[in-house]
Structure formats: C-alpha cells, structure tokens
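Taken from Swiss-Prot as is:
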- 6-121: domain 'VOC' (DOMAIN)
- HIS9, HIS68, GLU117: Mg(2+) binding site (BINDING)
- GLU117: active site, proton donor/acceptor (ACT_SITE)
Amino acid sequence: MPQLQGLNHLLFSVSDLEKSFCFYRDVLHAKPLVRGRKLAYFDLNGYWLALNEEPDIPRNEIAHSYTHMAFTITEESFDEWYAHLEKHGVTILHGRDRSERDKRSIYFIDPDGHKFELHTGTLQDRLAYYRDEKHHMTFFE
C-alpha cells in the first residue's frame with residue numbers, strides 16, 4: 001500500500017492578496033519567499049504556505065476554489081497512488097496544465113468536496129522553476 005511522505009504545502013484562496021500577505025507576514029510571522037501578481041509563498045515555521053488570489057468567487061463555495069491541502073509523495077509511487085484512489089472510487093480532478101519542471105500532482109476530493117493534492121515536487125523545485133520562467137515575480141531571498 002502506498003504511504004504518504006508528509007505534508008507538502010497549505011494553500012488558501014484569498015479575496016485580496018495584499019491584505020492577506022500583510023496578515024500572514026505581520027500577524028502569523030510567516031516569512032515571505034515569493035510574491036507574484038496573484039500568489040505569494042511563505043515559510044510558516046517550516047511549512048510551505050501559499051496564497052492564491054481569487055477575488056470573484058463566493059467565499060462560502062468551496063467547490064469553486066483552488067484551496068487545498070497537499071501531501072508529498074515520491075515520483076515512484078505516483079502511479080500506485082493513482083490506482084489506489086481509483087480502486088476506492090475517489091473522485092479524481094483534472095489538474096491544471098503544468099510544466100514538467102513543476103513536477104506531478106494528483107488532485108482529488110473527499111466526500112464533502114474538500115480538495116487534496118498528492119505532489120511529487122518540493123518548494124525548492126517550484127521556486128527554481130519560477131525564478132527561471134516567471135520574471136514578473138518578486139523573490140525575497
């Protein structure tokens with residue numbers, strides 16, 4: 001049976017990136033890592049915290065949000081995990097199109113519609129990709 005490798009990252013959908021950026025930085029003392037037009041990444045005491053700005057969705061409609069919890073899996077266990085989810089009748093969602101440098105993910109929902117992700121990449125992989133490809137972003141280190 002496949003095993004989870006640990007928590008990968010937390011992502012929250014926010015209606016106002018500036019307001020949320022200040023809250024997580026100033027109130028929770030999260031350390032800013034990168035900020036783009038619609039996203040920001042923090043180190044929250046060793047945890048990768050991501051904010052995605054989604055201003056036009058109802059805040060009470062979870063099904064419309066990209067907000068999710070992601071767990072780390074190995075690249076080698078990716079297919080095993082996919083088969084495991086299918087075997088248990090889990091609803092697997094079509095993930096966003098992404099570069100190979102952004103690694104691989106399986107998105108799925110629980111019976112109440114809460115989104116989860118099994119991800120093979122790391123924060124360092126993502127930041128390296130963004131540094132090379134996303135020139136509009138501001139990096140803090």
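Placement of Cβ uses the backbone N, Cα and C atoms for every residue, glycine included.
Excluding HIS9, HIS68, GLU117, which define the Mg(2+) site, the same chain contributes ASN8, LEU10, LEU11, ALA50, MET69, ALA70, PHE71, SER105, LYS115, PHE116, HIS119 within 8 Å (Cβ to the Cβ centroid), listed in sequence order. For HIS9 (Mg(2+) binding site), the same-chain residues that are 6 or more apart in sequence and have a Cβ closer than 8 Å to its Cβ are TYR47, TRP48, LEU49, ALA50, ALA70, HIS119, LEU123. Note: GLU117 (Mg(2+) binding site) has non-local neighbours ASN8, HIS68, MET69, ALA70, PHE71, GLY95, SER105, ILE106, TYR107, PHE108, i.e. same-chain residues 6+ apart with C-beta under 8 A of its own C-beta.
Around the Cβ of HIS68 (Mg(2+) binding site), the number of neighbouring Cβ atoms within 10 Å comes to 22. Over the domain 'VOC' (6-121), the average per-residue pLDDT in this prediction is 89.
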